Structure formats: C-alpha cells, structure tokens
Amino acid sequence: MPKRQDIQKILVIGSGPIVIGQAAEFDYAGTQACQALKEEGYEVVLVNSNPATIMTDPTVADRVYIEPLQAEFVARIIRKERPDALLATLGGQTGLNLAVELDRLGVLAEYGVELLGTKLTAIEEAEDRDLFRKLMFKLGHGVPESEIVHTVEEAEQFCAKIGLPIIIRPAYTLGGTGGGIAETMDEFIRIVEGGLKASPATQVLLEKSIAGMKEVEFEVMRDATNQAIIVCAMENFDPVGVHTGDSIVFAPTQTLSDRDYQMMRNVSLDIIRVLGIEGGCNIQFALDPVSFTYYVIEVNPRVSRSSALASKATGYPIAKLAAKIAVGYALSELKNPITETSFASFEPALDYVVAKIPRWPFDKFESADRTLGTQMKATGEVMAMGRTMEEALLKAVRSLEIGQADLHMNRFAEMNEADLHRHIIKATDERLFALYAGIERGHTVEQLHEWTSIDRLFLEKLHHIHRIEQDIVKHGLTPERLRHAKRYGFSDQMLARITQQTETAIRQIRNESGLHPVYKMVDTCAAEFASDTPYYYGTYEVENEAVPTTRPSILVLGSGPIRIGQGVEFDYATVHSIQAIREAGYEAIIVNNNPETVSTDFSISDRLYFEPLTTEDVLEVIRNEQPIGVIVQFGGQTAINLAESLEAEGVKILGTSLEDLDRAEDRKQFEAALTQLDIPQPPGKTAVTVTEATAAASELGYPVLVRPSYVLGGRAMEIVYGEQELEHYMKHAVIASPERPVLVDRYLTGMELEVDAICDGTDVVIPGIMEHIERAGIHSGDSIGVYPPQRVPQAIKELIVDYTTRIAKAFRIKGLLNIQFVFADGELYVLEVNPRASRTVPFISKVTGLPVARLATNVILGDTLASYGLTSGVLPEEKLVSVKVPVFSFAKLKEVDPSLGPEMKSTGEVIGTDRTLEKALYKGLIASGMAIPEHGRVLLTVADQDKQEMLDLAKRFTALGFTLLATAGTASVLEEHGLRVQVVGKLGSEQGSMLEWIEKAEVEYVINTMSRDSQVTKDGFIIRRAAAENNVVCLTSLDTAEALLRVIESLSFEASAIQPFDYMKKAVAR
C-alpha cells in the first residue's frame, strides 16, 4: 500500500515531562516519528510540554508548540492548525489518554481529525481491563482469575472469594501507578484505595497473584495489510511480581524452549491482529516454567519503554517504521534502514546478548522503600551487549555508575547470614548483588532458585562468574585466564580487586600482551545481509568490524542513564554537539549506554559505540578510532569525572582544559580565584573530619549549607542548623577525603539567579538571565525558573554580566559554563561555577532562540563568537515570559519526603510561555500536573519562623473566597489578625484531624513548611506524604505558594459591592 495522499497535515502528541514510568524513550520515539513523517512530505505539527527534549527543537517539526498536554490546550492548537490527522501512539500513556479524551469531548469529530495508527477501539480494548479480559477469553488465551472493581466494597467481595495474595492493576495509568501486590488485608485495602484514586476511569483489575512465574515480553509490529512480525522477544531476570521497568531484562530470550517461544510468538501475532493495532505493540506474558501454561498479563497498544529497548537491542527503528505504517505503508514496502537492502517485514535476528539493568533513585532517597513490586520506581536504565550473558551483564553493571565495578558488594560480603537471606528473598534494587554474595558463601543454584523463583540458568551464570573469579584467586592471572575472564566481561577494575592490584597495573599487563576488544556491528540480521551501519559494541573476539575511516574524528562522551540530577537535558546537549561536529566536517563518534535516548539512535552520529562510560571502555574506543580529541562538557558529571583519567593516558580533552575544570571544581582553588577577582562568595570552608566541620560551622555561624565536592544534582547536600545535625551528616551522609572534602558554607537566604554562558577566550555571550521563584536553599533543579527575570534591578543584571565575563576569562573557559548567584541583603554572591553544560541549556536555548550547545561546540572546535555576529554581554530580553516548572514523581516513591531543599528531587520539567508571568505560571503549573482550583479549602501548617510571612498569603486566600484550615496554634495567630479559620485537629486527634481532611481529599491545597522540632518534623512528613498519595497539592515553600496565589488571582474576577451614593451627603453638608 502506498502512503496516503488524502492527508497533508499531521498533529503529533508528545509525552510531556520525564516521570518515573515515562522517561526519555518517548523523546527518542517522537523525534524518530516526526522525522519519518517529514521525510514523506507531510506537514508536521508537534505539541509537547517538555523543553528538555530534542523532540521540541524547532527543526524536528514544521511547527512546535511547547504547551500543556491538556485537552483544553491541544483543542486550541487543533482549532488553530486544523490538522487532517492525529498521531498519539508515540506519546506514551499521556498521548493515549489525551487522544481518548479529545475523542470523548467531540473535538476530533468537530474538526474532522482522524486518529492515525491504532484506532480508539483497539486502545480501549487493550487499556480497559474489563474489555481486555473479555477479549482474551474470547480468543482462548489464558488470563489470571480476575475481576474489575470500581469500589473498595467490590474489591473486598472478590478478595473473600479467592483469597490473598492479589495483584492490583489500575486502568489507564503509567508504570503501574497505584498498583501493587497485597499479602495482607490492610495492604489490600490501602492499595485498592490508592489504585482507584490513580485510575482516570476509577477502575482497577484485581487478579489472583501469579508472582513467581517467568515473565516474557514480545515487541510486535503490524501494518494495515495484516502483515505482522516479532521485532524482539525479551526475558526478565526477575519473575512476575516485579514491574518490567524495574526488572533486569535479557534479549533474545535465554531460557525458553523452542516450543515455548513459538507458542507465545503465535499468541502475540494473534492478539495484535485481532486488536487491529497498526504500528508497534508490547505484549507481556507470564509463563509457568514447568508446564506450557501461559497467561497474557497486558498489552500496550503503543510505543513503550520496551520498544526503545528493543529498537536499540536489535537496531530495528520501531518508532520510525510505526509512523510510516500509520500513513499507509506496508512492512514489505519499507526498507530496513540498517541494511538498506532487506525489508522491514524480515524479523530481526541477534548474534549477541543484550542486558538491560534499571537505574533507581535510591542513592538520592535513602529513606525510600527499596522493595520492587508492580509499581515502577526506576528513573532510567542502561543497556550492554556482549557475546555471552555474563559479558553483557557485567558490562551493564559497570554502566550503572553506582560505585560497583562488578557483582561483589562489600556490604553484603560483611553481612550476617540472616540479614543476607532477607536481602536475597526480597526483590530490591540490590538483590543481584545479594545473590552474588550468597554464591560467594557457598549457596547452591538450587537453594537460590527455591528462595527467589529466579530461573536456574540466570543463577548458573552468576555462579560461572564466581568460578572464573575463584580460579584467578587460586591460580593467578595468567595470559590464558586474563583472556578467558575478558571474554566473560571482567573489567580491569574487577580484575584489580580480585588480584589486589591497581586498575592501571592490569591495563599495563593487558597492553603488554596485546589484549584488546574488537568491535562488532549491530545489523538486525546476524550478518545474513550486508550492512555498513556504524553501530558497535565491544567484545573479546578476533575480527574487528569497526574499521576507522581516514577522516578526522571527534569523540563525544554521553551522560549515561537518566537519574535525578542528570536527566535528558544532558542528552539534548550531547545531540546538539554531535550535530555541530558533523556540520563542521568532522566525523562524530559517541560513546553512551542509555537505550532510551536520541543520542544512541544510530542515525544521529557517524559512529555509535554502545559501551559503559568507564575509563577502560572509553580508552579502548579511543585506541580503535584515534580521534583528534574528546569533548566532555555535555555528558554531565559522568563525562567530567572521566576527564582526569583520560588525560592521564594521553587523551586530548577539547574545550576547557582539565586544569581549569579542576580550578572550578576544587573548593580551595575556586575560592582563591574569586578572591583574586574581588567577587563576593558566601563565606565557606572545607572539612575532612567531623572536628574540622564543627569548627568551620562555629566560625561561620549556623545555619550552614554542607555538601560533598564533585557532585551533580545536590547529592547529599543539606542545610544544617546545629552541631548534632552536622556530626550526623559527616558520619552518615558522606565519605570525606583530602581529595574530596566536604564544603561548609554560610547559608544565605535570598533571590537565586542563574546564567549559562559561552566563552571563546575573548568574548562571553550570555543568552539570558534566569530568576528562581524560590529563594536560595532549594536546589536550582527543583525551583521554578523565570526568563526574563521579573524582579531583578538593572544594576544587578549588569553586575551578573560583569561577574560572568570576568569568571569565564579567569577560568579560561572554552565552551560552556553555568553560574549560580544569590542576591541577599543588597549584595550579589557567586554560589557556584560549573564549567560544563547544565540542565538549563535546553530551556534557555528554546526561550531565547540561541542554540547554546551547538554554538559552544563550534567554539570548542575553534570558531569565534564574533564570527556568528555575537559580542560580549547578555542578549536582548524576549517579550514573552517563560517559566520552567519542575515535575516530581513522589506518588511512586513511598517514604520519600516531598519537601524541597538543597538536594534535587525532581525527575523532569515543563515549560509555560505567555505574555505575562501569571499566564506563563498557569500554563507551567497545569503542564506539571498540578490542579489549580480557584476556590475551596487551604490547610496551613507552617513552622514558627514562617508564621508572619504566612499571614499575607492567608489574607489573599481569604480575599479569593478560600476557607482557611489550621491547627489551634496557627489558627490563633490568624485569628489575632482578624482572619476566620476552621480549627482542625493535630495528627492523632480522635476526630477531625488534618490527616482525615487530606485523605478524603477535602482540601484543595496544603501549605506546609519544615520545622526543626523533631516531633513536628515527623508530623510534617506524614502530612506531606498523605498529600502526595491523595493527589492534593502540597507546597513546602512560601515562595511557590505566593506564585500559585498570583496565578489564582489572575484567573479570578473581582467581586466588589458597589459604593454607596455620596453626592446626597455632600449636598446635606453644603
């Protein structure tokens, strides 16, 4: 079937901000889809709310709207643009839910907009739990015994009938939001209540637990002619019961018999055909390992996280081909872009093993419940490829950047047997390491299988790694054993641990024996067809397929897995850098290990190496490619942290020199440089011991801001109010050393400001100054950022330009730098300087129209800013106001405190742009998922130091018609100032406690600020968690509350009584 000629303009819906369950994979899918549609000559209009993505670049679509993904806003775009068709299946769950809502509201019918690809009936049959179950029965496919319920009472009746454990799956949610496995009645009621609240349809599926069965996923494609293929079959290391996004996954499947595989393949093809899905689809199965019984767990009728993994694992570009199928093409008409000779109707074949390991945020949230279940908790993932399962797994482990070079974790090695047993049987982010510790202690594969239900083959592979390790311990590292260990993925660092040598010593042994990896091509066809797509992975074999070209090349280091503090913003900068390198005539090489991102799309760079971002792995790529230099500025802290070890091995770092990177990162050198420049900075000191830290704090005066050096995202950063707190921080939160001391600064409260700047050694260009709504003390990544600044005097703007220019030149910056300031007590202070791309680069690029990362790359390559018509200073301010609003995933992470502070907690961001600050804020807050009721109840529970400031906010809420709720202490303060308050009970009150109000969602807003009193702090945590779990807006900063008030005031009409006539009084007076 040829492409459709009856449509010209297509609206593509993106997936919005990065949240747990919906990450960068949709930036990759959406970008591919837009490019595919433009290739075919269609006019493409894109709507998405996320400024941090390549997808929202102006070049990706013909017109890009960065607007809230709400029916109200998308309907406006449809009215304005009048598209012929809508493509929603590349926008994740957000895109699907929005398409369903637009259809329900009649918007699509009113404007004659056709839904491309998968039809609404198929979406509803796959997403609606009841319809899906009925379809599976009709087709004769197994589904677990289950029932759809809409109330807790219905749920209790089903539980009484089949008994516990029960799996709870809410309908139309993302990443298992609101779901879980209930082992007890209390758990069951709690999860059902949460699931009903989380589901837009107030519908949950209760099913008899099949936890412990083998979990398998099939990625399937179908076109309108009913051709269908399996792109990739993947097998989870963890049995059913752990969300697939939280599971270690292998591709191709490793433990299935051919009969099992063919059975589920046929079922997958049957399901996609009956549903009539046109494009990509993900089907999840539970398989009984001892019989041929299977159950269909769920069908995702869209491109998903697994699609991105399958695309990168096989090289088959699912999203691109799904977009082409949506406009009428058949699989047999589409060429496979990797081979360019075979067609997309050929099923991919793999001659290597792929391992995916999730990246969890528990290093940021140590209080979080680390148990893994049906509700996803990972923020990102890594992927690795090898010729053996062991190699792929070990490469993936060292890609995680969690301080683990291999499977041996000291904490588990030193643990007592009972505690280790608990860590083995319980699914957590660390169970893989606990299993290895069990093997080190002599537990058999059979024992571990009995305890965990993990397939024996997977456990045998862990056992094999341990046997290789023990062989080296007993017999030494001979050349044969070295080669054997390398073939199974042992890194130099791992071998250094085993042999008690240094990593450098192992590298030297390897270099002397000429032992290096070769690079194999990912070609979708196991070398059946000729392919020259430069997409490689390293392995220890004989033939090297990555033959370097003669053109001069530059290597860019990616930023690794998505995590809090280092998100998709860094991938955005990396992609722009690669594009600039290619445009400058160099060959662009990238090393990265994240399957979700645009940077690991093989069509972006000239050569893609899917490898761990470690010194060893990067050096081997450099040895093979011999680039003229390496760029580390765009890969976040991951890349910056590799600069020193690479330069020590003779690698040329392009851009800002290592010496100058160190001067900015090293506290003493940084302070000395600012003192020499006569630029104010908060008084501060460094400390290596508890004594040094307490002495520094006493001298500076409490409160102090403490943090480790060389970190990103405010990792382990805290505001400390007393000596006891500081001692606890030094003993538990950080490991200080002379090379990496703890920084102790006086804590300044004031307005925080931020700039990104580009320096070529002569000129310093600042695209724009960003102002933070929240005062200093809340991490910049968690603050609402405003451009252009609204409250900053002209004299301070000029001072920011002056300080930035002088710092950039003094630190000999070549490329990008980011500076954070605080304006406190009439003085402008420099808080920190980052000599690299920051997370605000995509935002400032989009709101100013200056491609910051691309321009910085051109400067690194030798261009001057003057050659682009740019001179030193800040660009003229834009007329529209833009706000960057952080997005959090607190509902997914139980036990995490939703209060904001100096350690970053947001997973993503959205943008709001309009003519006034209030309108921009409204769009930004709505886009972030916040509901903004214009009347109702506000619960005020604030710390004593905030009560005076709270009064003004309380008066303004009252003027808008809100009812104020407060506990007795806060209520008395409000009543003293003439405000009417409804008194509510404290936590633990027998009736009418504030917790009841929140749990029943009978308040619209909770304003809660942190107290230093330990009991009050504990109560505050319970209040904030209750708000997060019941979808009640909770604000922990009065600055954010004031911004919200401005928005509500701008939406509200004044309701004033008319004035009495006074001319009669005047006449009488005369």
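Here the Cβ of each residue, glycine as well, is placed from N, Cα and C on the backbone.
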Worksheet item: Where Swiss-Prot shows Arg707, Arg746, Leu748, Glu752, Gly777, Ile778, His779, Ser780, Glu832 binding ATP 2, which of Gln794, Gln820 is named for the same site?
Response: Gln820
Worksheet item: Which of Glu215, Glu298 has the fewest nearby Cβ atoms, counting only those within 10 Å, among these binding-site residues?
Response: Glu298
Worksheet item: So among the binding-site residues Arg129, Lys208, who's got the most Cβ atoms within 10 Å?
Response: Arg129
Fill in: Reduced DSSP assignment, Arg129 (ATP 1 binding site)
helix
Item to complete: List nothing but the one residue from Val242, Gln284 whose Cβ has the fewest other Cβ atoms within 10 Å; the candidates are the binding-site residues.
Response: Gln284
Practice prompt. Between the Cα atoms of Glu298 (Mg(2+) 1 binding site) and Gln284 (ATP 1 binding site), find the distance and write it as a whole number of Å.
Written response: 5
Worksheet item: Reduced to three states, what secondary structure does DSSP give Lys208 (ATP 1 binding site)?
Response: strand
Worksheet item: Can you tell me how the residues of the region 'Oligomerization domain' (402-546) break down into helix, strand and coil by DSSP?
Response: 78 helix, 11 strand, 56 coil
